[in-house]
Amino acid sequence: MLIKVPKASDCHESDVTPEPFYLSRRNVLGAAVAGLAVSSLPRWANAADAERYPGVEPGKAPSWFAEKLPATKWGAVNVKDEAVTPFKDATHYNNFYEFGADKGDPAANAGALKTEPWSVVVDGEVGKPGRYELEDFMKPYQLEERIYRLRCVEAWSMVIPWIGFPISALLKEVEPTSKARFIRFETLQDPKTMPGQRSGFALIDWPYVEGLRLDEAMNPLAILAVGMYGRELPNQNGAPLRLVVPWKYGFKSIKSIVRISLVSEQPKTTWQSIASDEYGFYANVNPTVDHPRWTQARERRLPSGLFKPNVRDTQMFNGYSDEVASLYTGLDLRKNY
Ligand code: MTE
């Protein structure tokens with residue numbers, strides 16, 4: 001993976017209408033058209049929610065997402081006094097190799113990705129396999145906001161307010177068989193809309209694949225996200241469905257998922273297949289195990305720039321040791337990086 005020095009954020013918060021205002025206006029119109037009483041307006045149509053994330057650009061939330069949002073359990077805005085990364089940085093400094101190798105490529109190119117309709121296949125060692133339209137796939141789950149650190153293996157980091165649901169809830173729905181030991185995720189393969197999949201650059205054997213041990217997936221911190229900053233996921237961040245495992249390097253958090261398989265063998269994952277001496281299956285954030293080409297002891301928290309590099313110490317398991325360290329008791333984390 002490439003390391004580049006990012007531009008400082010040039011976010012002008014006053015330039016855009018905060019998304020909740022936009023959504024609430026649209027909802028008022030929708031309610032009027034449907035002849036609904038004003039009391040049916042969602043909870044987030046109020047000023048407090050609208051002020052959560054100023055500067056968020058409006059999206060085009062599918063109706064199922066907008067309908068679920070009123071019941072969302074919102075998180076506290078700060079993670080231990082660490083500020084949420086500005087929306088502009090989180091959406092314009094991305095890794096999504098299907099759309100190009102530069103940090104700005106996903107924002108420039110992912111608009112072409114068609115996220116509606118979207119279906120997700122659940123298969124392998126499950127009692128209830130199937131192909132679901134995303135709206136149906138999402139029906140059983142209540143959304144909640146989780147504000148997590150995101151630490152990339154390239155040694156930059158952010159703090160992102162995700163909206164999603166625990167993978168454990170999905171596993172309960174699909175009923176893994178006794179043979180299921182891992183969960184494998186696959187991204188959409190569509191060279192027509194994904195220039196990275198057409199280019200000769202492709203060291204990657206598409207589709208992008210990631211995986212977790214089943215007990216890792218059951219950990220309450222592991223979520224499937226459908227939104228961020230109070231709105232649906234922008235395409236460049238992995239719309240409409242992505243994984244978020246905050247104690248692992250960012251490359252584990254696979255984007256734009258179309259297949260979820262329960263399997264008995266450890267899946268071959270994308271970066272491990274490309275360079276297993278640099279990227280392991282576990283990929284737990286670990287400041288004591290360096291990448292062969294750079295230190296993992298420190299990280300650049302975005303926004304960062306030449307005069308304000310914003311460098312900080314990296315924490316074991318990205319600061320989530322209390323929640324996840326017990327998953328790795330007895331495992332040599334130097335060998336299983
Ligand atoms: N998922 C897919 N399908 N393709 C990718 O290239 N990049 C990964 C991960 N998920 C990637 C992916 C990497 S290296 C990182 S650091 C995170 O997405 C970045 O997520 P972000 O762009 O939302 O910050």
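Any Cβ shown, glycine's included, is placed from N, Cα and C.
What TrEMBL says about a protein is an automatic prediction, not a curated fact.
In the shown protein chains, 28 other C-beta atoms lie within 10 A of the C-beta of E98 (Mo-molybdopterin binding site). What TrEMBL lists as Mo-molybdopterin binding site is N94, Y97, E98, C152, T187, N237, R242, S253, I254, K255.
For 114-271, the entry in TrEMBL reads domain 'Oxidoreductase molybdopterin-binding'.
In the vicinity of ligand 1, defined as a Cβ distance under 6 Å, the following of the binding-site residues T187, R242, I254 are placed: T187, I254.
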